[in-house]
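A short write-up of the structure that comes next.
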Amino acid sequence: MSLVRLIGAEARHLAKRSYSSAAPTTKLFIDGKFVESKTNEWIDVHDPATNQVVTRVPKATQAEMQAALESNKKAFRSWSNQSILTRQQVMFKLQALIKENMGELAKNITKEQGKTLADAEGDVLRGLQVVEHCCSIPSLQMGETVANVARDMDTYSLVLPLGVTAGVAPFNFPAMIPLWMFPVAITTGNTMLLKPSERVPGATMLLMELLNEAGCPPGVVNVIHGQHDAVNFICDAPEIKAVSFVGSDQAGKYIYERAGKNGKRVQSNMGAKNHGIILGDANKENTLNQLAGAAFGAAGQRCMALSTAVFVGDAQAWIPDLVERAQKLKVNAGHVPGTDVGPVISAASRQRINDLIESGVKEGAKLILDGRKITVPGYEDGYFVGPTILSDVTPSMKCYTEEIFGPVLVILKADTLDDAIGIVNANPYGNGTAVFTTNGAAARKFVNEIDAGQVGVNVPIPVPLPMFSFTGTRGSFRGDHHFYGKQGIKFYTQTKTVTQLWRKTDVTHTQAAVAMPTMK
């Protein structure tokens, strides 16, 4: 039985018995093998719906992290010299294996992260789409050639890998974000040292089993676990040439600065405050349904969650209808059929969310839907927050200036579209935004004037497919190249430009030319 099936069986077994300190340990993945850590420091991973421990994650030792890095270095020498078709074949096989095992991956994500099974499958699917895009690597990594730039002279460019790269992934998308990282890195010829979130390690470990089955050589991807020491190791190791990060502002800025000072290329996706602008001419029913789903789906724990709504003019009369829709959403454990909103990731997250809700009330916002005291029968120890709506919020309130990252929608009001655009552009974040309207001229004005990296027109969560790139801007991103798509290929590669001269007359002896070359 493969590791995927073993872990799936263990998860089902754990669900049937009482939890104990005898929870299984998560392994490191080094040189193609799952390795038990020798550390004496462990992190408990809790099922957010039950608060019960499902696994223990090691804080990898310095020796273990160094061993993983040495394995990456060794593998790069051979992997980068493999034909591009060989690397493509690994992606073809990985794509098929992920499809076959999507159910097991989704169950693991729900157990460790809490999101609904349907949302967990979407998590896997959006990552799978990046793998599918990587199957086009012979075209994506193609260089350029100009023949006869001068007489008998040709110039061409090669798109080459960097070397050892690293990825630091967040808790909210246990499969999708690692799949943003390692497939692009390794298909372009790099190797990768990957650190998944210590809160949700399981999906990454399942993906490593599938990567082995796909025929990826040992050491091309290694996985370490940990917290600050692991991040510092990645930022400081001179052998690592590039670091990909998705997560919080604090961690993202830290990694960007520390890794950058050490000469590494960095892409850092960070926080967001995504606004939905609702105009009075929008399709009311569709707009309110999309707004509720985008605000409260995944318990609001998406970097592209529509956490802020700006109702313009006559659309302000729709706010009570939005509350009614939010009240109908079912809050329960993620594996329970029919669940719309699962738990948040931890007790600390729940407390932070509740504190931000309370701060809004104290600063004058109207709490028109309060989900703080929700109780889910059978899951009384879970980390649940029900859909919550704060209205009459102003840009100076803490609930607006900080990313809540929970099932909380803050509502602002504006008289005109110009006012709404001004609100969005004054916010320091620039990850995503959306406008809801049936007026093409209004939509075009919004698209042209809004200062955000990803814009939806009647699309609440405009995350691009992998033929494009995830293009957050301003306070939501630091770096030069974004994730996946053409920019993702650029991030993990470097260009070597070759100019070669083969004169026809070189077949005979000629006199040396000492004048400055003029390229004529």
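Every residue gets a Cβ built from N, Cα and C, even glycine.
Annotated in Swiss-Prot:
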- Ala169, Phe171, Lys195, Glu198, Arg199, Ser248, Glu403: NAD(+) binding site (BINDING)
- Cys303: active site, nucleophile (ACT_SITE)
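Cβ neighbours of Phe171 (NAD(+) binding site) (same chain, under 8 Å, six or more residues apart in sequence): Gln113, Ser197, Arg199, Val200, Gln301, Ile345.
Other C-beta atoms found within 10 angstroms of the C-beta of Lys195 (NAD(+) binding site) number 26, with every protein chain shown included. The Cβ of Glu403 (NAD(+) binding site) lies under 8 Å from the Cβ of Asp249, Gly271, Ala272, Lys273, Ser307, Tyr429, each of which sits 6+ residues away along the same chain. Using Cα positions, the member of the binding-site residues Ala169, Lys195, Glu198 nearest to Cys303 (active site, nucleophile) is identified as Ala169. Here Glu198 (NAD(+) binding site) comes close to Ile43, Val45, Val57, Lys59, His225, Gly226, Gln227: these same-chain residues lie at least six apart in sequence, with C-beta atoms under 8 angstroms from its C-beta. Close to Ser248 (NAD(+) binding site) in the fold, though at least 6 residues off in sequence, lie Pro170, Met270, Gly271, each with a CB less than 8 Å from its CB. With Ala169, Phe171, Lys195, Glu198, Arg199, Ser248, Glu403 listed as the residues that bind NAD(+), the site has a largest C-alpha separation of 24 Å.
Other Cβ atoms within 10 Å of the Cβ of Ala169 (NAD(+) binding site) number 27 in total over all chains.
Taking all protein chains in view, 26 other C-beta atoms sit within 10 angstroms of the C-beta of Cys303 (active site, nucleophile).
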